[in-house]
Amino acid sequence: RENFIHLCNPHLEKMKEDILYHFALGTGTHDFPALFGDVKFVCVGGSPSRMKAFIAYIAEELGLGGPGCDYPNICAGTDRYAMYKVGPVLSVSHGMGIPSISIMLHELIKLLYHAKCSNITIIRIGTSGGIGLEPGSVVITRQSVDATFKPQFEQVILGKTVIRSTNLDEELAKELMQCSKEIGQFNTVIGNTMCTLDFYEGQGRLDGAICLYNEEEKLQYLKKAYDSGVRNIEMESSVFAAMCNLSGVKAAVVCVTLLNRLEGDQISSSHDVLVEYQQRPQKLVGYFIKKSLGKV
């Protein structure tokens, strides 16, 4: 059964041309079905360089490219986001924080709709701060929760507060967990992910330019988060889950933890260790894509 993208915007049908400004793409200048119609998997992450590394990795894994191959940035006409494609896989950067990923997702979802893509799986891969986990652990998100541990995304639209669900696909999370067991290279858990509006005060850090609470208050908050089911903290998952839900897209969030926030606020691992940690979500999602395509 073909599952197409659902657009929650009747106004788009009246437009002669849709310009995806932050991608430097448009329906009047680009043939979306020809360029993107075969896409089945979309992986998004904060850093352009990380998403380029991912497309090179998945290309080699799928036998569609090798060392030294170049993968051009489809969004080279803008410096906002980077986009790469190989076979049925699209890799897109989204910047840092809810506003940045929200803008990208609006245009990405429209791109997939205009390309007439079906049966799409979108996975955010990234880094996070862990709670009660060893650094390097991978968290597959069950629910994205806000800073009060509620599974919701709150946004003010036309002056009114709108609340949207942030549940993620349960079966997809289980499939990814099974893939991690088959890989057997790193600790992986399914847990809730807290999505905050800030890296410092919003996540209870003591090392920002402003901090008007003490260490005991910070630890009480983080332990309360752990007791509610939160296993990691990042800044994009809530709007990601909400928008994918509204668009009828199967979605997951897979993030590696760079530190245990119960033990400190600053990342102290060496550069080489951090590079290896950051490859873990790529390995897990790459294995999932290979398995889905019958190449494992």
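Cβ from N, Cα, C; glycine included.
Around Ile125 (phosphate binding site), the same-chain residues six or more apart in sequence whose CB sits under 8 Å from its CB are Cys43, Val44, Gly45, Phe54, Val254, Cys255, Pro281, Gln282, Val285, listed in sequence order. According to TrEMBL, the phosphate binding site annotation covers Arg80, Arg124, Ile125, Gly126, Thr127.
Cβ neighbours of Arg205 (substrate binding site) (same chain, under 8 Å, six or more residues apart in sequence): Phe199, Cys211, Lys218, Asp265. Feature annotation from TrEMBL assigns substrate binding site to Gln203, Arg205.
Per TrEMBL, the feature domain 'Nucleoside phosphorylase' maps to 40-289. Confidence across the domain 'Nucleoside phosphorylase' (40-289), taken as the mean pLDDT and rounded to a whole number, stands at 97.
In this structure, the C-alpha atom of Arg80 (phosphate binding site) lies 26 angstrom from that of Gln203 (substrate binding site). Remark: of the binding-site residues Arg80, Arg124, the most isolated position is Arg80 (fewest other Cβ atoms within 10 Å of its Cβ). Recorded residues Arg124 (phosphate binding site) and Gln203 (substrate binding site) have their alpha carbons 20 Å apart, per Cα-Cα distance. Note: the CA-CA distance between Thr127 (phosphate binding site) and Gln203 (substrate binding site) rounds to 14 Å.
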